[in-house]
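Below: one structure, written as structure tokens.
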Amino acid sequence: MAEFFPEIPKIQFEGKESTNPLAFRFYDPNEVIDGKPLKDHLKFSVAFWHTFVNEGRDPFGDPTAERPWNRFSDPMDKAFARVDALFEFCEKLNIEYFCFHDRDIAPEGKTLRETNKILDKVVERIKERMKDSNVKLLWGTANLFSHPRYMHGAATTCSADVFAYAAAQVKKALEITKELGGEGYVFWGGREGYETLLNTDLGLELENLARFLRMAVEYAKKIGFTGQFLIEPKPKEPTKHQYDFDVATAYAFLKNHGLDEYFKFNIEANHATLAGHTFQHELRMARILGKLGSIDANQGDLLLGWDTDQFPTNIYDTTLAMYEVIKAGGFTKGGLNFDAKVRRASYKVEDLFIGHIAGMDTFALGFKIAYKLAKDGVFDKFIEEKYRSFKEGIGKEIVEGKTDFEKLEEYIIDKEDIELPSGKQEYLESLLNSYIVKTIAELR
């Protein structure tokens, strides 16, 4: 089979001093940390949509990307070419997972029946390529936002016919995700929300969204799909207000409808930015709720108000993100999916590789720093000391539910001064810097 990327070699680890843009500086997939290869800690994944479908189009300009599969004019030939290119791409980068929307991998037909038949043909091609590869499916999902039929939403639409279409589309997406051995299935509600409350039945939409998710849970059980269901929060874009605004909002919704036991969260860095949170905040919220499932790895631009989906190169963000993953016990049915696209002006094929290499190196380095932070317990020790008052005396009684307002008033009413510990934020931020510098210095 002819190569799609003949000019790109298999990417090797060359160490931190390397200046080769097509080499890893910090990511050695077989490096063993805490008894496990680095690749199994990180579980990198390629996003089919950004890497093989995005062509550099934006609202102000035409496509710019030079892609080898664009030489195919027939939609099916192009779909098969993209699949073949995916496996070559993953193997050259030593990435073992990929993710997709149903409409990324196959074109739509005139009816859903025809579309499903087309999809089946592409799935067969993927299965054929999987036989000779170690590349696996991390998670699948359905695109319920691009087609005009979803202008009012999918599960939250005003049209029962559209609701039925969306349900049938998710049914098929679940089937092919199971068929391909996917570890999870993602629900992202890009059109599940509203532009104005003047024309919105908020109660009905939220109830229908719960009904939709409950049907998905029931069908997954029926077909024996044991992958992890994941909600991907995002506050806005393309819809003005989306119902899965952030982890806290989405968790409250799931809890309210008795669905929380079936779902975890797929946290995207840029979505946290849009919600006014840090990436770590969303990961921490998911972790303390026991709902940290997977990550869409990217970064946003704080000076822009939209989802820029840039490759992650901020070492502070990746360090603190991996710190939360480590504290959560690591990934099980999840991983680091690069929901990131090269910039429109980075239009060469090699830029696809360079972008992924940059992200993989940054997360690998972040993991190594985070591992040292977690192992040394530097933040844990400080936090434990800061909240020490709740480990003894009246504080312990508060935590154990052995006191009340009257007793607390009696305890405090004659105290003159309360001595508080210092937050020492500046010291802790400086300590984080020290760990970053020290870890890099110790690397070969």
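Cβ from N, Cα, C; glycine included.
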#### Entry: Candidates Asp246, Asp296, Asp317, Asp361, the one Swiss-Prot lists with Glu232, Glu268, Asp339 as binding Mg(2+) 1
Asp296
### Task
Restricting to the same chain and to sequence separations of six or more, state which residues have a Cβ under 8 Å from that of Glu268 (Mg(2+) 1 binding site).
Glu232, Pro233, Lys234, Ile295, Asp296, Asn298, Asp339
## Note on the structure
Those same-chain residues, other than Glu268, His271, Asp307, Asp309, found with Cβ within 8 Å of the centroid of the Mg(2+) 2-site Cβ atoms are Lys234, Ala269, Asn270, Thr273, Leu274, Asp296, Asn298, Gly300, Thr308, Asp339
## Note on the structure
Taking only the CA atoms, the spacing between Asp307 (Mg(2+) 2 binding site) and His101 (active site), expressed in whole angstrom, is 18
### Task
May I ask you to report the DSSP-based helix, strand or coil state of Asp309 (Mg(2+) 2 binding site)?
coil
### Task
Quick one: pull the CA-CA distance for His271 (Mg(2+) 2 binding site) versus His101 (active site), whole Å only.
18
### Task
Name, in the order they occur in the sequence, the residues of the same chain whose CB lies under 8 A from the CB of Asp104 (active site) and which sit 6 or more residues away.
Phe48, Trp49, Phe52, Val53, Asn143
#### Entry: Alpha-carbon distance [Asp309 (Mg(2+) 2 binding site); His101 (active site)] in Å
17
